[in-house]
Amino acid sequence: MTDFLIAFGSQTGQAETIAKSLKEKAELIGLTPRLHALDENEKKFNLNEEKLCAIVVSSTGDGDAPDNCARFVRRINRNSLENEYLKNLDYVLLGLGDSNYSSYQTIPRKIDKQLTALGANRLFDRAEADDQVGLELEVEPWIEKFFATLASRFDISADKMNAITESSNLKLNQVKTEEEKKALLQKRIEDEESDDEGRGRVIGIDMLIPEHYDYPEISLLKGSQTLSNDENLRVPIAPQPFIVSSVSNRKLPEDTKLEWQNLCKMPGVVTKPFEVLVVSAEFVTDPFSKKIKTKRMITVDFGDHAAELQYEPGDAIYFCVPNPALEVNFILKRCGVLDIADQQCELSINPKTEKINAQIPGHVHKITTLRHMFTTCLDIRRAPGRPLIRVLAESTSDPNEKRRLLELCSAQGMKDFTDFVRTPGLSLADMLFAFPNVKPPVDRLIELLPRLIPRPYSMSSYENRKARLIYSEMEFPATDGRRHSRKGLATDWLNSLRIGDKVQVLGKEPARFRLPPLGMTKNSAGKLPLLMVGPGTGVSVFLSFLHFLRKLKQDSPSDFVDVPRVLFFGCRDSSVDAIYMSELEMFVSEGILTDLIICESEQKGERVQDGLRKYLDKVLPFLTASTESKIFICGDAKGMSKDVWQCFSDIVASDQGIPDLEAKKKLMDLKKSDQYIEDVWG
């Protein structure tokens, strides 16, 4: 028997990508793994009948299970299951997460604990990969342990194991003097400038042009002397090629309808794509202020789709955000296909491929255009992973570039990869600017670029037909290896929208962060005490809560009870970035909000955590109350989620005279009972 199970729970696709990579590597050494989402348990597999399972899973939202894993988590936690239900199962588990969130690794830990409780045997320690420091730092050692386990379990020879790793003896040209080092770097710069002036520009087509950047001595372009001199780099085998694109000499017929990403299913999406109309687009802060991030507001009209969506306060919608044309043009030009990018392109499986069970990705059309694929289907902004860098190394005519790219995807170069690629968030374009002689085959990019994921935005209004969203502009300067200043992918696109534009959106599955909470009637929401914490644009979702309560009070006064509804709103300076202050003050004057507490970090040195400590009398009842109250936290996760969590823990510990660990357990009880609910983002 050479088969075993690989199961994943993935919201954004990272866990699924790792799981697929495990499957491909296992097949290279002669095994026959089966790959399934965890929610396919009791449908396409039965965990209690498996002998070996590798699980790759993440947490999402407020410590929630990914949408293709939530059912699995519920099923393995049934009280009816016996303690030895999984006694025949050996398993390994890799958890993915982001330590900026207070709910870090919640689901991987929960699954691990429950599998053990049901009698399963974990073969080695669970790994917890942290996106804040680089997933690879934990993922790669875990994969090595897993394949060592497979080698032992299935008696796989050393020769076969060599099929998934290789050593590279390619060395940098021996550069001994400072003058020679400078000459080498100067050649890189000249190659790059030549690329800008020649290959990088096409008459009549706008093209992304890099900004000048002086790379430090140790950087993306050159590693340490130790790494540069290592003659035995352990680099992964390049992924097997399997796609062939055939471009005809004619355009795609005008009546061809290319549905968004081939209508490929995505976890958390509950509708097909549909068009909405942009009815307003405006600034909500001064766009010329240098003190704050610019914030904007977009309103869309759902039209006839309003009844289908039936959104509630706290719900979000996905926007189908495309890649910028300048970047798409540059990448297609570097691949040598820009001049045929708008002609009909047909994808097929290479009949000579050695890849087992090769399939065209479901999110791309088999008949399409290269421009359409690279604009709407493939993520060119996400930092390239090591498999893609491995392919880039094979796509350059410069041996020095090849050596450095091999270093970046090698086991020895993992820290360099994290420091110079993953952490600064380099894009594919940044990598191509840095290595001007890399000309990747377009088919390899189609195979290896991840799916372009739509961007979710919570709605800040409560109307049947229209939805308002508020967002901060994200800025990324040309530093740390990024070769062009840019805004966030969604920011740039949202900024371009004008009244009358039509855009595609998708309905998002309701989460726990909503009013009324799941399982509660609309009328009962008017009796619910609320503590809301919203720094920055985090306050926007609470506007939808308050508009809903205002309508409830107008339509059904008897259901609107005088209970505490407290909002802590964090901003830098209320005179410049306290967005929708007049709206919030209206809610106070009408009795919708009982308390509006403004925390100004720049003017008064007060963050929302300081406000919570200052107004203990308003906060404590929510930390000791029954299930009839709710705490909602919304905002940027960069430290805020953990800091607010610690603040509440400090308050509980001080009030009850208990240790911090015990206070955190009490807070965790609030989370488990859905009294403490977060909606935070990175």
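Just so you know, glycine gets a Cβ as well, placed from its N, Cα and C.
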Per Swiss-Prot, Arg455, Pro456, Tyr457, Ser458, Gly488, Leu489, Ala490, Thr491 bind FAD; matching candidate in Trp645, Trp681: Trp681
Average pLDDT across the domain 'FAD-binding FR-type' (271-516), rounded to a whole number: 93
For Lys113 (FMN binding site), the three-state class that DSSP assigns: helix
Alpha-carbon distance [Ala117 (FMN binding site); Gln609 (NADP(+) binding site)] in Å: 37
Where Asn121 (FMN binding site) falls in three-state DSSP terms: strand
Integer Å distance between the CA atoms belonging to Trp681 (FAD binding site) and Gln105 (FMN binding site): 15
Pairwise Cα distance maximum in Å, NADP(+)-binding residues per record: Lys293, Arg607, Val608, Gln609, Asp643: 21
Candidate binding-site residues Ala117, Lys293, Arg607, pick with smallest Cα gap to Arg455 (FAD binding site): Lys293
